[in-house]
Structure formats: C-alpha cells, structure tokens
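Student: Per TrEMBL, domain 'Casparian strip membrane protein' is recorded for 30-168. Annotation source TrEMBL lists transmembrane segment at 33-51, 71-95, 107-134, 155-178.
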Amino acid sequence: MSSTDKPGDTEHRPTSSTPAHAPAGVDYFKFDVILRFLLFAASLVSVVVIVTGNETKFLRPAKFRYSPAFVYFVAALSVAGLYSIITTLASLYAIKNPALKAKLLLYFILLDVLILGIIASATGTAGGVAYVGLKGNKHVNWNKICNVYDKFCKHVGASVAVALFGSIVTVVLIWLSAYSLHSRVPK
C-alpha cells in the first residue's frame with residue numbers, strides 16, 4: 001500500500017500484471033446489414049419504376065432515356081444498388097470475422113458519404129426536372145407535360161420519392177457507422 005492509498009480504498013487499479021482491455025464498442029453490424037438491404041431495395045425499386053414508366057400519347061412517347069437527368073438518375077441509383085450489395089456482403093463477413101469491424105467502419109463512413117452525394121444529386125436532378133414537368137415554367141415558356149403524360153409523371157414521382165427514402169437510409173448508415181466507430185475509441 002502506498003502513502004497515497006487510504007486503508008478503505010478498494011478501487012481496482014490496473015497494474016503491469018493486469019492488462020487494460022480496449023473497449024469493444026457498440027456492435028450494430030446486424031442492423032447495418034438490414035439498412036444496407038433497404039438501400040438495395042430502394043435503389044432497385046427506383047430504377048425499375050422509372051424504367052417501366054414509358055408512355056405514348058398522340059404518337060409522341062415519353063421515356064426516361066429522353067432526359068439526361070433521368071438517365072443520370074438511373075445510372076446513379078444502379079451504382080448505389082451495386083454498392084449496397086457489395087457492402088452488405090462485407091458487413092456479413094465482418095459479423096463472421098470481428099477483427100475487421102473497426103477498419104470496415106471507417107471505410108463504410110467514407111464510401112457511404114460518397115454514395116450519399118451521388119444519390120442526393122441524382123434525386124435532386126430528377127426531382128427538379130419532374131417539377132418542371134409537373135408545373136412548367138412560364139418565364140421560359142416551358143409547358144407542363146404531366147397533364148398529358150400522367151402515367152409517366154407518376155412513375156417519375158414515385159421513383160424520386162423512393163430514392164429520397166434511399167438517401168435517408170444512407171444518412172442513417174453514416175450515423176450508425178460513425179457512432180459505432182466512436183464507441184470503440186478509448187475514453
């Protein structure tokens with residue numbers, strides 16, 4: 001007993017013979033897998049809905065591929081779907097191999113932020129074009145088209161809404177990974 005210890009002091013202090021263990025952190029990888037599957041489902045549904053929304057009225061077709069904004073939207077959501085498949089498999093592998101979890105969390109944060117930027121920009125672009133199709137723009141003499149191509153516009157609107165849900169799922173994934181990584185840092 002040292003001179004600074006009090007006789008009733010029972011607090012355990014690590015010594016050289018008792019190693020201090022690093023905190024394990026919070027493990028949300030099972031929830032991570034569920035969210036990544038939701039991201040895949042949202043991406044897939046968005047792509048399928050906009051691609052199947054073709055409509056022809058008065059011998060004039062309305063197709064997603066006629067607008068560069070919608071083509072970018074389909075390409076971006078396809079990339080997000082592929083990314084979600086790859087990261088879901090990586091999360092499942094991390095559940096089986098816990099030594100990789102901390103490193104994967106850092107990579108997930110960085111790549112999820114990148115995918116969020118891609119999804120959000122594509123959703124905003126498609127949403128802006130869809131809004132002009134719905135309301136028109138009197139200042140530049142662009143007429144609204146959704147009163148003619150109602151099925152096409154409904155498909156585009158639904159696809160943008162589901163993609164917005166995918167953006168929210170990606171934000172939750174970033175928060176989850178950041179919190180899990182933060183909980184692993186020794187205090």
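Placed from the backbone N, Cα and C atoms, the Cβ positions cover glycine too.
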Student: Count up the helix, strand and coil residues in the domain 'Casparian strip membrane protein' (30-168) according to DSSP, in that order.
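Tutor: Here the numbers are 114 helix, 8 strand, 17 coil.
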Student: Thinking of Cβ pairs under 8 Å, which stretch from 33-51, 71-95, 155-178 has the most of them with the transmembrane segment (107-134)?
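Tutor: The stretch with the most contacts is 155-178.
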